[in-house]
Amino acid sequence: MNNKKKNPDQKPEMSSSSSPSSPKKQTLFISSLILLWYTSNIGVLLLNKFLLSNYGFKFPIFLTMCHMSACAILSYLSIVFLKLVPLQHLKSRSQFMKVATLSIVFCASVVGGNVSLRYLPVSFNQAVGATTPFFTALFAYLMTFKREAWVTYGALVPVVTGVVIASGGEPGFHWFGFIMCISATAARAFKSVLQGILLSSEGEKLNSMNLMLYMSPIAVIALLPVTIVMEPDVMSVTLSLARQHQYMWILLLVNSVMAYSANLLNFLVTKHTSALTLQVLGNAKGAVAVVISILLFRNPVTVMGIGGYSITVLGVVAYGETKRRFR
């Protein structure tokens with residue numbers, strides 16, 4: 001008989017049931033990231049609305065500057081000290097000018113979005129913001145002559161149609177707020193296309209964390225003179241509000257930190273899932289934000305408005321799916 005001697009030092013094999021469940025841990029980790037991403041994105045949106053419309057803090061440019069200041073400081077700490085991602089250096093004056101251009105466009109999109117929240121409910125703001133794919137496809141075609149399949153462009157029809165319907169059924173519709181919201185949405189799409197053009201070479205590519213590190217200080221410098229000219233009484237009014245409301249500074253601080261957290265978690269969710277997953281989650285996030293804002297701010301909604309927003313979201317989903325299939 002070929003009986004093998006047992007090695008006394010050999011450990012017994014573990015059963016599959018006692019092995020560490022790494023897939024479960026990974027699923028839990030990703031789920032936690034997504035939950036935090038939702039919380040930070042929706043939280044900063046609702047806090048922006050609360051500060052700008054319900055709190056008497058009518059300074060969207062200064063608020064954007066607070067967000068960019070937090071992004072600059074926290075990006076530096078995250079990359080240089082915590083080393084969440086490797087530090088990437090700007091290699092030329094040309095690359096710096098490209099990043100500066102992106103920073104100005106990004107500022108315009110954030111300021112426009114914050115201004116619109118003074119005049120529009122969050123639900124309608126999100127409906128208009130859902131048209132980002134339409135502007136992205138438009139700018140991609142105009143600037144790079146990049147064409148998609150006709151069925152992909154066809155999916156954009158309900159995206160625009162839904163917003164038109166939602167606009168007609170919005171009780172709190174405001175023309176200036178609508179123009180600012182559309183401008184912010186277009187600027188956000190323009191920035192994404194411009195980023196692909198300006199930082200397309202391998203030597204100039206920056207991950208989103210490093211890009212935020214360099215864009216944020218430039219944004220603060222650009223916004224400071226604009227704030228002084230267009231919102232000259234910001235400090236006096238803010239100090240007066242702080243005396244009336246003891247949590248004023250805490251709200252501003254939490255709001256600014258959330259703005260950075262949204263960018264950080266956006267990067268982490270994309271890293272651990274995919275850009276397509278992020279797009280799908282983003283569509284769902286908009287719907288969640290709409291429901292929460294209606295419950296929180298009690299802004300009136302109509303069946304036409306809800307129907308229009310639903311058509312827009314379905315159009316965005318169809319656009320993403322057709323773009324994936326006919327790539």
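Even glycines carry a Cβ here, placed using N, Cα and C.
Taken from TrEMBL, the feature compositional bias 'Basic and acidic residues' covers 1-12.
Taken from TrEMBL, the feature region 'Disordered' covers 1-24.
Look at TrEMBL and you will find 28-47 (among others) tagged as transmembrane segment.
Sequence annotations record features per position, and here TrEMBL assigns domain 'Sugar phosphate transporter' to 30-319.
Under 8 Å from some Cβ of the transmembrane segment (59-84) lie the Cβ atoms of residues 44, 48, 51-52, 107, 110-111, 114-115, 117-118, 209-210, 212-213, 215-217, 219-220, 223-224, 226-227, 230-231, 234, 237-238, 252, 255-257, 259-260, 263-264, all in the same chain and six or more residues away from its ends. Per TrEMBL, the feature transmembrane segment maps to 59-84 (among others).
Beyond the transmembrane segment (96-117), the same-chain residues lying 6 or more positions past its ends with a Cβ under 8 Å from any Cβ of the stretch are 45, 48-49, 52-53, 60-61, 63-64, 67-68, 90, 125, 128-129, 177-178, 180-181, 183-185, 187-188, 190-191, 194-195, 198-199, 204, 206, 211, 214-216, 218-219, 222-223. Residues annotated as transmembrane segment in TrEMBL: 96-117 (among others).
Annotated transmembrane segment per TrEMBL: 123-143 (among others), in sequence order.
The transmembrane segment annotation in TrEMBL covers 150-167 (among others).
Within the same chain, residues 105-106, 108-113, 115-116, 118-120, 124-125, 128-129, 131-136, 138-139, 167 sit at least 6 positions outside the transmembrane segment (173-190) and bring their C-beta atoms closer than 8 Å to a C-beta of that stretch. Taken from TrEMBL, the feature transmembrane segment covers 173-190 (among others).
Annotated transmembrane segment per TrEMBL: 211-229 (among others), in sequence order.
According to TrEMBL, the feature transmembrane segment maps to 249-269 (among others).
Look at TrEMBL and you will find 276-297 (among others) tagged as transmembrane segment.
Residues annotated as transmembrane segment in TrEMBL: 303-320 (among others). Beyond the ends of the transmembrane segment (303-320), by six or more residues, the same chain brings 123-124, 126-127, 130-131, 133, 137, 152, 155-171, 276, 279-280, 283, 286-287, 290 to within a C-beta distance below 8 angstroms of the stretch.
The stretch from 28-47, 150-167, 211-229 that makes the most Cβ contacts under 8 Å with the transmembrane segment (249-269) is 28-47.
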